[in-house]
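Before any comments, here is the structure.
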Amino acid sequence: MMVYRDKHILSAQQLRKLSEHKYSCFSASLLDPLLQPWWNWLVAQTPLWLAPNLITIVGLILNVVTTLILICYSPNGVEPPPRWTCLLCALGLFIYQSLDSIDGKQARRTNTSSPLGELFDHGCDSISTVFVALSACISCQLGHYPNWLFFQCFCAIALFYCAHWQTYVSGTMRFGRIDVTEAQFSIIAIHLVSAVLGPEFWLTKLPYFDCETRFLPIYVACGIDSILAVRYSKCILTEGCGKNGSSVAGTSVLSPSIPLTLVVLPALMIAQKSPQNIFTEHASVYIMAFGMVAAKVTNKLVIAHMTKSEMEYLDWSLLGPSLLFLNQYFNCIVPEIWLLWFTLIWGTQDLLRYCAQVCLEICQHLRIDLFRIPYAPKGAAASSSHPATASVSSQSNFGSSADKNGGTTHRKSKSKPH
């Protein structure tokens with residue numbers, strides 16, 4: 001797995017199953033119907049030559065870059081960031097949310113829907129989840145309470161994983177009345193409050209309550225997290241669509257718990273037992289490092305669902321966390337910050353190389369391009385000259401909450417509950 005070019009990640013059977021995959025989604029989101037007119041207008045302004053996956057990646061880059069700027073000014077979530085960085089984060093997240101909501105619409109406008117679009121969108125969201133959660137914590141200076149910062153960020157990461165876990169079990173992605181879209185706009189609101197009133201606003205005391213203002217969004221988030229956790233648990237335990245209540249691949253419904261545990265449990269143990277206070281002193285690097293590992297594991301779960309195959313438990317991305325754990329066991333013979341940066345760099349390059357290789361294999365199998373539409377959109381000639389593409393055009397190329405009102409073949413990825 002280290003040298004992806006010398007080894008195919010997806011087998012011939014997995015590629016065949018991927019070609020047969022159809023996206024299934026159910027949503028009861030409160031905000032999605034209200035945002036439909038905006039998304040419909042936005043996609044109507046989008047040139048037909050613009051590939052849906054290019055729309056997705058541009059939104060992700062903007063979201064990541066604006067968050068990195070915020071991190072530069074407040075790497076531990078303790079120092080108050082400049083107001084303009086919070087405004088920039090709000091704008092970056094809004095653009096990302098909007099572009100992520102129209103990529104599926106653009107795919108159907110141009111007859112370029114494919115399972116690759118669904119996978120690519122989920123992959124981008126797995127990365128975005130890490131940066132969105134971290135930016136919200138920094139914006140309200142949650143670094144003063146490291147345990148809360150850890151809890152909120154890893155809750156977001158774990159719940160995103162669980163959203164795909166329940167999809168792997170039931171075959172259908174489900175969104176409640178308060179879900180990803182509502183969470184995204186709540187975080188946009190947090191950034192806007194910090195931009196207008198200053199990050200110091202979150203340090204003020206609430207009238208009639210003996211707590212700081214920043215605990216208000218924390219408690220609300222905890223309530224929503226609890227509701228989502230209960231909902232996902234019920235679905236995982238009772239709605240297996242395979243034989244005898246198993247997953248879509250016929251495996252145990254509890255099997256995806258192993259990769260998640262191998263990420264979250266070491267992260268918690270390393271943070272709590274670090275003699276050099278590695279998490280407290282380098283919170284942002286820590287969250288990003290383990291976030292990239294979690295994103296890799298989540299992508300493998302998505303692929304397992306779409307190809308109806310068993311998920312692998314061990315992964316090379318776990319090398320960094322393993323070294324951090326062993327280093328603590330041997331009384332930190334290597335400075336922990338060195339290994340933490342190694343974990344971030346190794347995990348990031350491993351994730352990017354893995355995703356690039358998977359996309360390349362799928363593109364070759366389906367005879368399509370990732371970021372380019374090489375034929376006339378919506379034309380009959382395109383369908384006849386590209387039978388491989390046409391054959392999957394009616395399948396899932398999910399995109400946004402807005403795409404759920406037309407059936408079960410929509411692109412929709414924003415499964416990042418907070």
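Including glycine, each Cβ sits where the backbone N, Cα and C put it.
The shown structure was predicted, so the numbers you read here are calculated from the model rather than taken from an experiment.
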Discussion item. Suppose you had to name the range TrEMBL annotates as transmembrane segment; which of 215-233, 253-271 would you pick?
Written reply: 253-271
Item to complete: Using a Cβ cut-off of under 8 Å, list the residues of the same chain at least 6 residues beyond the transmembrane segment (323-344) that approach it.
Response: 266, 269-270, 273-276, 278, 281-282, 285-286, 288-290, 292-293
Worksheet, complete the sentence: With the cut-off at Cβ under 8 Å and a gap of six or more residues from its ends, the chain residues touching the transmembrane segment (148-168) are 77, 122, 125-126, 129-130, 132-134, 136-137, 142, 174, 218, 221, 225, 228-229, 232, 235-236, 239, 247-249, 256-257, 260, 264, 267-268, 271, 279, 283, 287, 290-291, 294, 297-298, 301-302, 304-305, 311, 415-418
Item to complete: Using Cβ atoms only, state whether the transmembrane segment (54-76) and the transmembrane segment (253-271) have three or more pairs under 8 Å that are 6 or more apart in sequence.
Response: no
